[in-house]
Amino acid sequence: MIKAQIYQLSRSISTYIILIVSAAILVLFFAAEGFGSEQLNGSCFAVNSAEMYSECLPMFVMLYTAIICAGDMKDKTMNYEMLSGTKRIYVYCGRIIVSLLVNTLLTVILFAVPTLIISAIYGWGYTVPVSDVILRWVSALLPIMRLTMFYAMVSFIFKSPVLVCALGYVLTFLEMILSLLIQEMFSGKIIPMYCMSFYNMTTLLCPENYGYGFAEEKDIMVVKDLLRTSTALHGMAAGMLGIVIFGVLGYLAFRKKDMG
């Protein structure tokens, strides 16, 4: 069943459109950072691209999850699978597993490939240690999975990729605004805010304090606040909690929904 889902996804035009758009955004960002600039290196790119990832990745996750989970409900593929004797729980888990695999793989590729290419050309640099970047990337995977489970739940409720995407854009925009307002009103990090995907992604991926150091006879930008283990654990715990909650709610919605 999972192989069939992966094959179907590989034959979908939408899959490649999303990949092309992702690559185009990276190219535009790379150009904006200054191709060939003396300041450009792997560590600098990893830091400067973090905010872009925290804003764009939720959109890509939403699109892929809507295609995988809601697309089959629209063309009755899930209904045919259950009529052929496949248990409903297996049909549900098949879509969830494929969604998680695709979104996790996409995230790893977008994180690692551009940074590795730039590092191979310009070197790593001194902006931030490799260990901190890897910790931020690994910590962000669980919030990505949490978002996947959330959009899967929404997909099983509304059964329409278009409706899921429209609702997802609205919710993401409102969450961004709410996160910014709360951060302006309260100083410091508020642990319950880790349950908000935009805040969680931004906190885990984006350093806040920068300064200047001196290396190789020139001033360089360096990150002053490396990701704390407690912050990473809070973000990952919120991600795991969301995975469980949205997974259960998603299955309840899927089980009660009329596939016909």
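Positions of Cβ are set from backbone N, Cα and C atoms, glycine also.
Database features (TrEMBL):
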TRANSMEM  12-32  transmembrane segment
TRANSMEM  52-71  transmembrane segment
TRANSMEM  92-122  transmembrane segment
TRANSMEM  134-154  transmembrane segment
TRANSMEM  161-182  transmembrane segment
TRANSMEM  232-254  transmembrane segment
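Tertiary proximity for the transmembrane segment (134-154) is limited to same-chain residues at least six positions away from its ends with a CB under 8 Å from its CB atoms, namely 50, 53, 57-58, 61-62, 65-66, 69, 95-96, 99-100, 103-104, 107-108, 111-112, 164, 167-168, 197, 200-201, 204-205, 227, 232, 235-236, 238-240, 242-243, 246-247, 249-250, 253.
Sequence-distant contacts of the transmembrane segment (232-254), counting only residues of its own chain at least 6 positions beyond either end whose CB sits under 8 Å from a CB of the stretch, comprise 88-89, 92, 96, 135-136, 139-146, 149-150, 152-153, 156-157, 191, 194-195, 197, 200, 203-204.
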